[in-house]
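Among the features that Swiss-Prot reports, intramembrane segment is placed at 2-28, with the record citing sequence analysis. Per Swiss-Prot, topological domain 'Lumenal' is recorded for 29-40, 111-153, and the stated evidence type is sequence analysis. Under the heading transmembrane segment, Swiss-Prot lists 41-62, 90-110, 154-174. According to Swiss-Prot, the feature topological domain 'Cytoplasmic' maps to 63-89, 175-196. Residues or ranges marked as S-adenosyl-L-methionine binding site in Swiss-Prot (evidence: sequence analysis): CYS94, PHE95, GLY96, GLU176, GLU177.
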Amino acid sequence: MAIFEINNSFLICAVSIALNPLLWNIAARSEYNHKTLTKLANGDSKKACYMLAACIFVAGIVRDLIYQNALKQQPTLGIFMNPLVQGIAKLIFCFGSVLVLSSMYKLGLVGTYLGDYFGFLLPERVSGFPFNVNDNPMYNGSTLCFLSTALRYGKVAGLLLTLEVFFVYRIALKFEEPFTAKIYAARDSKQAKKSE
């Protein structure tokens, strides 16, 4: 018996995992370079940011539901169903959730959902928990939640999809981190010129 199957629900899930960060990065770059979303929101950049936040949030929930549905259609590996693995899965989920929720709290709604691409820049780099223990707590916490769900359901396919989540987020960071640094460097340069 196979330990996982590449079926339609698995493939749909793999596509949804890849599309989430791709689409929000395309939308955010378009906003930064052309004010596309602000134009759609009648010139209100805060409203545009909230609209993107809602889209990202809903897309994340849809992706998570697709993931759970895909796992339900996969074979279960019995070794994952023992109490030790299930306990570890619960701990991983709790830690991942703490990373995600505490980073959302620290960043606020606008900071969490790409507000810097809309011109809403934080006064300084966020420090303190969870950013003092992890550079990317949202992405790493989310990845841990995927991992815990795979273990909880006892699905090897979930582990493979979790690996995809990990690599998709790493690729997204290759684009996001330098671009965000560029946005803040431009702001700092502008402020330095004003103070001269």
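We count from 1, first residue shown onward.
Cβ atoms here come from the backbone N, Cα and C positions, even for glycine.
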| said: At a 10 A cut-off on CB-CB distances, which of the binding-site residues GLU176, GLU177 has the highest count? | reply: GLU176
| So which residues does the topological domain 'Cytoplasmic' (63-89) touch in its own chain, when a touch means Cβ under 8 Å and the partner is 6 or more beyond its ends? | 1-5, 7, 9-10, 12-13, 16-17, 20, 146, 148-158, 161
| said: Neighbour count, 10 Å Cβ-Cβ cut-off, for GLY96 (S-adenosyl-L-methionine binding site): what number do you get? | reply: 21
| message | Can you give me the same-chain residues 6 or more apart in sequence from PHE95 (S-adenosyl-L-methionine binding site) with a CB-CB distance under 8 Å? | response | GLY141, LEU144
| query | Looking only at the topological domain 'Cytoplasmic' (63-89), what are its DSSP counts of helix, strand and coil residues? | reply | 21 helix, 0 strand, 6 coil
| DSSP helix, strand and coil counts for the topological domain 'Lumenal' (111-153)? | 23 helix, 0 strand, 20 coil
| note | Around the Cβ of CYS94 (S-adenosyl-L-methionine binding site), other Cβ atoms found within 10 Å total 13
| query | Quick one: DSSP breakdown of the topological domain 'Cytoplasmic' (175-196) into helix, strand and coil? | reply | 21 helix, 0 strand, 1 coil
| request: List nothing but the largest Cα to Cα distance in Å, as a whole number, among the residues CYS94, PHE95, GLY96, GLU176, GLU177 that the record says bind S-adenosyl-L-methionine. | output: 26
| note | Long-range CB partners for the topological domain 'Lumenal' (29-40) (under 8 A, at least six residues beyond its ends), listed in sequence order, are 48-49, 51-52, 114, 117-118, 179, 183
| remark: Confidence over the topological domain 'Lumenal' (29-40), expressed as mean pLDDT on the 0 to 100 scale, is 97
| request: Would you mind splitting the topological domain 'Lumenal' (29-40) into helix, strand and coil residue counts from DSSP? | output: 11 helix, 0 strand, 1 coil
